[in-house]
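Read through the structure below, which is laid out as structure tokens, and then see the notes.
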Amino acid sequence: MHTTESKNEHLEDENFQTSTTPQSLIDPNNTAQEETKTVLSDTEEIKPQTKKETYISCPLRGVLNVIITNGVILFVIWCMTWSILGSEALPGGNLFGLFIIFYSAIIGGKILQLIRIPLVPPLPPLLGMLLAGFTIRNVPFINEHVHVPNTWSSILRSIALTIILIRAGLGLDPQALRHLKVVCFRLAVGPCLMEASAAAVFSHFIMKFPWQWAFLLGFVLGAVSPAVVVPYMMVLQENGYGVEEGIPTLLMAASSMDDILAITGFNTCLSIVFSSGGILNNAIASIRNVCISLLAGIVLGFFVRYFPSEDQKKLTLKRGFLVLTMCVSAVLGSQRIGLHGSGGLCTLVLSFIAGTKWSQEKMKVQKIITTVWDIFQPLLFGLVGAEVSVSSLESNIVGISVATLSLALCVRILTTYLLMCFAGFSFKEKIFIALAWMPKATVQAVLGPLALETARVSAPHLEPYAKDVMTVAFLAILITAPNGALLMGILGPKMLTRHYDPSKIKLQLSTLEHH
């Protein structure tokens, strides 16, 4: 008996350290002893850590070492560029301006990440990147030495758009779409089309836009930003909020479809605005471009599914490289031959078809594309911020732009709420989905300047309209991205039902199949 009891006590002591058994089920004496040992061991472990944090070690370590290392890397890159290209890397040169915008955007994003307000979720770093570019443009001394050619910025933004579309295509999960069915389709299509139509009507009567430009602006505003929505949905999902109802999955799946629709609508309107033919000719040309895009995307998508084969070395790297280069070539090449917008649809079809065959390998390819996006995101938002000058912002233009944006947002929120009324969600969940479907950032950062660049090249007399579109896109990012992020971070835990063990919950998507 004595031997058995001692063995049991020994097992209980070991299990206490590793198991998650509730404290009330453990012997209080053992608990007290273990807590005393734990406190002593923790104290012994903390002491050397405290000394390391109190005194600056030699050689330097920690944050200070990281700052110095990154600073030296930046300086060496500049020295190497200057030694190869000379004056291009000096103040006033094109590469110098690009470096300043890129690193300023990175610093702006890091600073915004460091800002922590109690009880308030962190703001998205892209807002800091946008403000960094805006600051560079509007500080006289810096602006005199920072110049980036319009051709360069146009190409970089087109590449950024390509990466967004690749991520959207790879992010479409066929299984989730089959489960969510009509609910996902409603959320992706309804609010986007209604906001685009509302923005077109309001901009036509308030901003005096022609109908073609009004709908072009509408599709610029119609897209939601996965860069803002997806990270917050992943955090909520990891903590078990709304998991059983499938709300995070629904929003993440629908965000890609929403962007696809908005970009397709924008490209169609852009081709109509800058074409010289009649309405019938434009419609026929649009249908032709769509057919060419679909055919090219299907052919290239099936090619990438089977080439390279699975027995090759560095398979993921080759697949990521092929998808990226093919899609960038499709987007830039279609612009070169006059098929504007065709490359975007080709990119979506290619990446979606290729991803359906890769299964588990798709996640690795997505990581490669995400790494490339981490490079182009500061460039994108820094260049967009640098396009906006305070001197060109007239108070009346800003006022009517904010009014148009606000009215269109109200229509979007109301439409989202009404469409979710028949999807089996509670009142609080519908409110949360409607507000979470508001943020704008990445698509607006790409499409807003695109109209301005096209006007500068093809139709300079239309440049005032394009500048107004750019202004509205800038204000949309500035207003909706931080507010949407704050609303999701604050209201998510309050309005969504939490399930305390999300790893054991099977998403009850079958409840949504009939809606």
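All residue numbers here begin at 1 and follow the chain in the order shown.
The backbone N, Cα and C atoms fix where each Cβ goes, glycine too.
Noted in Swiss-Prot for the protein shown:
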COMPBIAS  1-10  compositional bias 'Basic and acidic residues'
REGION    1-32  region 'Disordered'
COMPBIAS  16-32  compositional bias 'Polar residues'
TRANSMEM  66-86  transmembrane segment
TRANSMEM  95-115  transmembrane segment
TRANSMEM  116-136  transmembrane segment
TRANSMEM  152-172  transmembrane segment
TRANSMEM  187-207  transmembrane segment
TRANSMEM  215-235  transmembrane segment
TRANSMEM  284-304  transmembrane segment
TRANSMEM  337-357  transmembrane segment
TRANSMEM  368-388  transmembrane segment
TRANSMEM  407-427  transmembrane segment
TRANSMEM  431-451  transmembrane segment
TRANSMEM  472-492  transmembrane segment
Please indicate, using numbers and ranges, the residues of the same chain that are 6 or more beyond the transmembrane segment (368-388) and have a C-beta under 8 Å from a C-beta there. 98, 101-106, 108-109, 126, 129-137, 146, 148, 153, 156-157, 159-160, 163-164, 166-167, 170, 227, 316-317, 320, 323-324, 441-442, 445-446, 448-449, 452, 470-471, 473-474, 477
Taking the transmembrane segment (215-235) as reference, which of 95-115, 152-172, 284-304, 431-451, 472-492 has the most Cβ pairs under 8 angstroms? 431-451
Segment-segment contact (the transmembrane segment (431-451); the transmembrane segment (66-86)) at 3 or more Cβ pairs under 8 Å: no
The transmembrane segment (116-136): which same-chain residues, six or more beyond its ends, come within Cβ distance under 8 Å? 100-101, 104-110, 142-143, 146, 227-228, 231-232, 377-378, 380-388, 441-442, 445, 474, 477-478, 481-482, 485-486, 488-490
For the transmembrane segment (187-207), give me same-chain residues lying six or more residues beyond its boundaries with a C-beta closer than 8 angstroms to one of its C-beta atoms, as numbers and ranges. 213-215, 217-219, 221-224, 250-251, 254-255, 257-258, 261-262, 265, 400-401, 403-405, 407-409, 411-412, 415-416, 419-420, 433, 437, 468, 472
